[in-house]
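Engineer: Input: one structure, supplied below.
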Amino acid sequence: MWWDERVSARFRRNLQPTPPYWSVFFSFGLCIAFLGPTLLDLRCQTQRSLSQITWVFFSQQFCLLLGSCLGGVFKRTLAQSLFALFASSLAISLVFAIIPLCHNVVVLAVVMAVAGLAMGCIDTISNMQLVKIYQKDSAIFLQALHFFVGFGALLSPLIADPFLSDTNCILSNSTANTSSNLPHIRKSLVPHHPGNLSHYDLPMKGMVVTRVSYAFWIMALINLPVPIAVFFLLYKERMVPCFPSTSHPLLSADELAMETRPVEKEDLSTTHRPQAAGGHDDLFSCCQSKNFRGASYTYFAVHITGALVLFMTDGIVGEYSGFIYSYAVEEPLSVGHKVAGYLPSLFWGFITLGRLISIPVSYRVKPATMVFINVVGVLITFLLLLIFSYSVVFLFVGTASLGLFLSSTFPSMLAYTEDILQYKGCATTVLVTGAGIGEMVLQLLVGSIIHDQGSYSFLVCGMIFGGLAFTFYAFLLFFHRMYPKPSSDLDDASPDKPAVMEDTGQYQR
């Protein structure tokens, strides 16, 4: 087996909660990728212009970021965390069911805002709880968690595709003139970015002909087992209101470790731990001044540099998937619209494949090494894309390579920074928030730069972002070396150390 008996035993002990945490990330992926390909049919449903309907992208992304910040509020007890995941995954199914009934663009934007909040809560809580459960062994389980995002992101466009309109879904006198633009517009909306669509004029009045409602109802049904699985976990833990409540506050990893240590080691280790490390707070709790007392500058530096690396890498995921189609169809490549439409799918497909491959690899390779390979690979790939910028073949090869290198960056960085901070502090919340901001900001930035400077600037921006990610990672390595180590780490051969790690792997209620 590609993992040892210790990790296998820990997984068996936590077999009950782990699959529900993975499954809610499937809901996250299912919800994040459907909007792009279905947006033209939703435009017909609401009878609004493209510039008006693309505001639903902003409402989803902004509320996703807000939900990521608020997700840590539900971390104090297991019951709060599971109820938040149940409500969020159920809300996503309800959103899919309600979208076909939204004939007003404002109502649709509000519904997508609710979906964004649910996705943000799922993102923060699931990452946080898996880190709490598995701690130093969390890397492999985080890789599996993020595989389900990619799987859901691949599945939802495939479900929607048979129900998308082949011609303009608003029948009017100008339909014949505008239908030829639909393949170009639709592909530029994949996977979840509106692109530059202001120059397309589509009819807004006429008879609406669309079958996309069936796609949303199918996705609602496919997602329904996810909240059921979370509810079943609540039932098994006797946290459903009709049963006596036996939940207790979740302890941080270090607090759990303290309970199993001899008094002498507890006294020694506390002298090396910053007071700020309260353990996986929400973003607003992290910013309270009382949490900063006694913390060294390296404590803050690890949080900031880790978040900046993900700001860049997740930003690259957003801007590359959003604009690779537009870059390919423009000069000098001038790829055909149908062929260029495969590029976003290829990119997301190799992200999903990379996350699947990373599950066994992460057991053998340290998270720090995986992040190093990722950021160097991204930098080299963009450099080669610039060198062979006139080669269509290498554009496809580079897109696949970039997807592989970016696939495991987030879970590996999360495992690495949490390990540095001894599973205390606010690493999960800060990193999730930084990644969300990067994806939203860099998309807008690159879109405006391409509009002003031309399509070639797309690769130049990617090269710059990759270089900045590598630079921030180098700073993170430096601050890791400077970060004070607890006394328990000074003697790796200590007989107490395995016992501590075993105890901290328990599923705490």
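The chain as shown is numbered from 1 upward.
Backbone N, Cα and C define each Cβ position, glycine as well.
Taken from TrEMBL, the feature region 'Disordered' covers 487-509. Look at TrEMBL and you will find 21-40, 52-74, 81-99, 105-126, 138-159, 214-235, 299-327, 339-357, 369-388, 394-416, 428-450, 456-479 tagged as transmembrane segment.
Describe each of these features in terms of where it is and what it packs against.
Structural biologist: Long-range contacts of the transmembrane segment (21-40) within the same chain, counting only residues at least 6 positions beyond its ends with a Cβ under 8 Å from a Cβ of the stretch, are 53-54, 56-57, 60, 85, 88-89, 92-93, 95-96, 112, 115, 118-119, 122-123, 126, 129-130, 144-146, 148-157, 159-161, 164-165, 169, 182, 185-186, 189-194, 212, 215-216, 219, 222-223, 225-226, 229-230, 348.
Within its own chain, the transmembrane segment (81-99) has Cβ neighbours under 8 Å at 20-21, 23-24, 27, 30-31, 42, 71, 74-75, 108, 111-112, 114-115, 117-119, 121-122, 125-126, 128-129, 216-217, 219-220, 223-224, 226-227, 230-231, 233-234, 237, 239, 250, counting only residues six or more beyond its boundaries.
Away from its own ends, the transmembrane segment (138-159) comes close to residues 3, 7, 11, 18, 21-23, 25-34, 36-37, 126-127, 130-131, 190-191, 215, 218-219, 222, 345, 348-349, 351-352, 355-356, 358-360, 362-363, 367, 370, 407-408, 410-412, 414-415, 418 of its chain (Cβ-Cβ under 8 Å, at least six residues beyond either end).
Long-range contacts of the transmembrane segment (214-235) within its own chain (CB-CB distance under 8 A, at least 6 residues past either end) are made by residues 16-17, 19-20, 23-24, 26-27, 30, 34, 38, 79, 82-83, 85-86, 89-90, 92-94, 96-97, 99-100, 155-156, 159-160, 162-164, 243.
For the transmembrane segment (428-450), the residues of the chain that approach it from at least six positions outside its boundaries are 61-62, 64-65, 68-69, 71-72, 120, 123-124, 127-128, 131, 193, 195-196, 280-283, 286, 303-304, 306-308, 310-319, 322-323, 326-327, 410, 413-414, 417-418, 457-458, 461, 465, judged by C-beta separation under 8 angstroms.
Same-chain neighbours of the transmembrane segment (456-479): 298, 301-302, 305-306, 308-309, 312-313, 315-316, 319-320, 323-324, 326-327, 368, 371-372, 375-376, 378-379, 381-383, 385-386, 389, 417, 442, 445-446, 449-450, counting only residues six or more beyond its ends whose CB sits under 8 Å from a CB of the stretch.
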Engineer: State, in range form, which of 105-126, 339-357, 394-416 has the highest count of Cβ pairs under 8 Å to the transmembrane segment (299-327).
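Structural biologist: Against the transmembrane segment (299-327), the leading stretch is 394-416.
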Engineer: Mind checking which residues reach the transmembrane segment (394-416)? Cβ under 8 Å, same chain, six or more beyond either end.
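Structural biologist: Sequence-distant neighbours of the transmembrane segment (394-416): 127, 131, 138-139, 142-143, 145-146, 150, 306, 309-310, 313-314, 316-317, 320, 324, 328, 333, 335, 342-343, 346-355, 357-358, 361-362, 366-368, 370-371, 373-375, 377-378, 381-382, 384-385, 388, 427-428, 431, 435.
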